[in-house]
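Feature list (source: TrEMBL):
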| type | residues | note |
| --- | --- | --- |
| TRANSMEM | 119-137 | transmembrane segment |
| TRANSMEM | 143-165 | transmembrane segment |
| TRANSMEM | 198-227 | transmembrane segment |
| TRANSMEM | 247-267 | transmembrane segment |
| TRANSMEM | 279-300 | transmembrane segment |
| TRANSMEM | 326-344 | transmembrane segment |
| TRANSMEM | 351-372 | transmembrane segment |
| TRANSMEM | 384-404 | transmembrane segment |
Amino acid sequence: MTQTLMHSRFFSGFLHLQRRERSGFLTSFPTQRRHATILNKDKELTFRVVSCNKILDSTNNSSSSCDKPINRTDTSTLLQTLGASSEGEVIVQPKDDYEETWDSIFWRKWDAFVTFGRPYSVLGSIIGITSVSLLPLTSVGDFSLAVFVGFVQALIPFVCANIYAAGINQVVDVEIDKINKPYLPLVSGDFSMGEGKAVVSATGFLCLAMTIMFGSLPLFLGVLGYFLYATAYSVELPFLRWKTKPFMAAFSMAGLMGLTIQPSVYYHIQNVLGRPMVLTKPVVFATSFISVFSAVLAMIKDLPDVEGDRALGNLTFSVRYGQEKVFNICVGIMLVAYASAVVTGSFSSLLICKLVSVIGHTALAFLLMLRAKSIDVNDPESTQSFYMFAFQLLYAEYVLIHFMR
């Protein structure tokens, strides 16, 4: 069964196998860690496959369709032909006549940049900033060009700050990522260390420079706080490197996603509307709930990374107390947060807000419990999928905060 392995333009390190039309069916590999061998003339280059599906036809030949990152040790080989595979191995033959063009180099670097910025985190920031920017608006008449400009002024610096936070963590954590996340650009070779540092420096400078240029004090303080939290979380300096201190790591995540974005964006838009800076129920709830939720995300984030953290002496909660105990605590805290949201929403003076907030948070809590029951805490792929699911819950919360009135 011969198929073509092509480089994706959308996610760095993703190689997709396009199946030719013929009979066959798709089944999942039972484990996360698989390896593929690249035959390149006289030498073999090893891929680390994070997740694959196996295609079996009636002759029991098989191939793989990799939908998650793999660690490419030969990044110049972008077009290859798949021959046969066994239960845990994929054999790939590079095409001799393939030459990398400027177009393919550009898209390969773009893919690396997207992965370097951690797109699920950037998406969370975009959704959060969009949602919080709408909180101060009380009528259709509040929509204006000035408000849209204010929204853009908040969005771009925070996205740059988000990329800075993701990037500086990868620059500092290359050795840990070689074990935990070998598909990330600095480890896989898609980005050189110089390129990674250049992106970090540029985005760090831009996020602060733009907020100074915009002249909004709430926005500047929020982005500055985000920048400082991200730096303290990652850099190896006295009293810093908070990611190695479990309580400070949780505090950092709460600061990055809860204590900075919500109040700073809200009061920035309030300034654009010419209104006084007063506390309101929606912004207090959003800041409190998302701060707690984000602190839990910090603990969930470490669940799939126990192997590398333990090897390099990073004593996270999961390393200290075990993955199962930490996982149960995380789910418990999230359920308590949802219960608090249900109680808070039930006191709303508006019936529609009361119904949506109570039913919405109850539904999310129910989905959380269902998903938690299916998680194998000892399987890195399973806990990583739960981390992504927790981000989806966070995205949904940015909708529900508008009904906490």
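From the backbone N, Cα and C atoms, a Cβ is placed for every residue, glycine too.
Automated prediction, rather than curation, is the source of TrEMBL annotations.
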I need to check the long-range neighbours of the transmembrane segment (279-300): which residues 6 or more away from its ends have a CB within less than 8 Å of a CB in the stretch?
128, 132, 135, 246, 249-259, 262-263, 266, 316-318, 326-327, 329-330, 333-334, 337, 340-341, 344, 383, 386-387, 390-391, 393-394, 397, 401-402, 404-405
Which one of these stretches, 143-165, 198-227, 247-267, 351-372, has the most C-beta pairs shorter than 8 Å to the transmembrane segment (119-137)?
143-165
Ranking 143-165, 198-227, 247-267, 326-344, 351-372 by Cβ pairs under 8 Å to the transmembrane segment (384-404) puts first 351-372
